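Have a look at the structure below, then the notes.
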Amino acid sequence: MSLHNLELLLPYGLTGIGALIVLLLGVLPGNKNNKIPYIGSVVILLLTIFQVGTLFHYNARIENFVAINPLTLATFELCAAGGLATILMAQYYPKLNQHVDEAFYGLIIIAVLGTFLLVSAINLLAAFIGMELIAIPMFALIAWNPKRKGAIEGAIKYAVTATVAAAFFIFGIVLIYFGTGTLIMNEIPQALMGPDAIPSLVNIGIILLLIGVAFELALAPFHCWLADAFQSAPAPIMAFIGSIAKIAVLIFVIHFAMSIAPIWGDFNSVLWVLVLLSILLGNLLALRQTNIKRMLAYSSVAQFGYILMALACVSDGTSISMVEGLRAAAYYGFSYAIMNMVVFAVIAMMSKYNPTGELAGYRGLGRRYPLAGGAMVIAVLSLAGIPPTAGFFAKLFLFTAVLNSGHIGFVILAALRSAISVFYYLRILLAFFAKEPQPSVSVSTTGRYSVTESIDFGSTLVMTICAVGTIAFGLFAQTALNMMF
């Protein structure tokens, strides 16, 4: 293997070897309160972010297993930053920080490695390995503090879902291999033209693979596990699952769609069923929720329904509209991850006042903590698609791409259903800025909220950076698009 390829493998090496180093740091003498593994994991992820930033001029394959390109590298940066944000939030999160140790940090870094492998995979086997490297650590991390209410139940539900998704995914891979004789994604269309190809097996295999992906993305009707997992998981882990892990799966789907573009049109009907069900059920179910975690879970179902609309452009219209659609999907995914991380950081920050996540428990907290309240306003407006946030430009690029591919009716339908989301997002802001504080919130003798209480440094840092990023990603939308594609 050339030195050129070795340099491209450094992101995988830093996270893989880094996870082992963090585990070993935990047994060092003088490791009080697990500070050494914490510092080590932060340093490893910072080094990874810096090293990935030096590779953006590359566009290459490594042994027909993974590929490095600008979209892949941008996703690497997002996933590594998301892992770092998860560690920072967990360090200060109530009922979790006392249980965080070197194994916790090691599992986060392993999950980051899994996202790297999944988003860069050009071989279906590499994608499966990456998906499992994400799922297994998440199962353990949801149940990290077994004394926390619902931890074991949520972990079991996540594990069952991940197992079912893996079964569909690997069975689909097997059928694709039997039908084409290859696991390399962009060789599948050409292999189907060969005399030994079995198209029926390949079609079934791709449908099964898409069902596995639908489970991972929690698309309707495979979404039932998400709300329970969100409600039972600690906010930092919820942030990784809801923002980083799902974006990694999305980028894999984008690469898969690009690779099999000549035959992707055969599966449009399956895609549109998933899209329309997700947008409808996600918004309607979110509208009924009184718990912010469950509301965000169902909102996520709808949001990914919107994102996958863009994949219709892969097989409908010209090659220009295909690229436009995939660019829109990637931009929407990145925007969603950043603005969602703001909401999760605020939830983590406020968990000492409202551990259950009921909307009524947030009454007045936006007034008490103006920084958190302001960040929540930015994130919620972005989720609702209000300018000049990233969420507005994400929907603008998405609907424009789908319109250009000829799906005018679907865009109108999606826009009408998107209006529903404004109502439940508005409920979050109304709760945060209500005049009356929640009963458990103490006030000072002067009648004003105390501003001297200790703050959650990790969540505050993540919340602030991501809130600024949500605005910047909107103001410099075209620059961000050009970096990714």
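Every residue gets a Cβ built from N, Cα and C, even glycine.
According to TrEMBL, the feature domain 'NADH:quinone oxidoreductase/Mrp antiporter transmembrane' maps to 121-420.
Sequence annotations record features per position, and here TrEMBL assigns transmembrane segment to 12-29 (among others). When Cβ-Cβ distances below 8 Å are used as the criterion, the transmembrane segment (12-29) is approached by residues 36-37, 40-41, 44-45, 47-48, 51, 80, 101-103, 105-107, 109-110, 112-113, 116-117 of the same chain, each at least six residues removed from its ends.
As annotated by TrEMBL, transmembrane segment applies to 70-90 (among others). Beyond its flanks by at least six residues, the transmembrane segment (70-90) meets 11, 15, 38, 41-42, 45-46, 48-49, 52-53, 55-56, 58-59, 96-97, 100, 104-105, 108-109, 111-112, 115-116, 119-120, 234-237, 239-240, 243-244, 247-248, 251, 254-255, 330, 334, 337, 341, 344-345, 348, 456-459, 461-462, 466, 483-485 of its own chain at Cβ-Cβ distances under 8 Å.
The transmembrane segment feature in TrEMBL is assigned to 102-119 (among others).
Here TrEMBL flags 125-144 (among others) as transmembrane segment.
The feature transmembrane segment is assigned by TrEMBL to 156-178 (among others).
Packing against the transmembrane segment (198-225) from elsewhere in the chain are residues 124, 131, 157-158, 160-162, 164-180, 188, 192, 245-246, 249-250, 252-253, 256, 260, 266-267, 270-271, 274-275, 277-278, 280-282, 297-298, 300-301, 304-305, 308: each is 6 or more residues past its ends and has a CB under 8 Å from a CB in it. Among the features that TrEMBL reports, transmembrane segment is placed at 198-225 (among others).
Here TrEMBL flags 237-264 (among others) as transmembrane segment.
The transmembrane segment feature in TrEMBL is assigned to 270-287 (among others).
What TrEMBL records for 329-350 (among others) is transmembrane segment.
What TrEMBL lists as transmembrane segment is 371-398 (among others).
Residues annotated as transmembrane segment in TrEMBL: 410-434 (among others).
Counting residues 6+ beyond its ends, the transmembrane segment (455-477) has Cβ neighbours under 8 Å at 85, 87-93, 331, 334-335, 338-339, 341-342, 345-346, 348-349, 352, 371-372, 374-375, 378-379, 382, 387-393, 397 in the same chain. Summarising the annotation, TrEMBL assigns transmembrane segment to 455-477 (among others).
Below 8 A, the CB atoms of the transmembrane segment (125-144) and the transmembrane segment (329-350) form no more than two pairs separated by six or more positions in the chain, fewer than 3 in all. Each of 102-119, 156-178, 270-287, 371-398, 410-434 was scored by its Cβ pairs under 8 Å to the transmembrane segment (237-264), and the highest score goes to 102-119. Across 102-119, 156-178, 270-287, 410-434, the stretch most heavily in contact with the transmembrane segment (371-398), judged by Cβ pairs under 8 Å, is 410-434.
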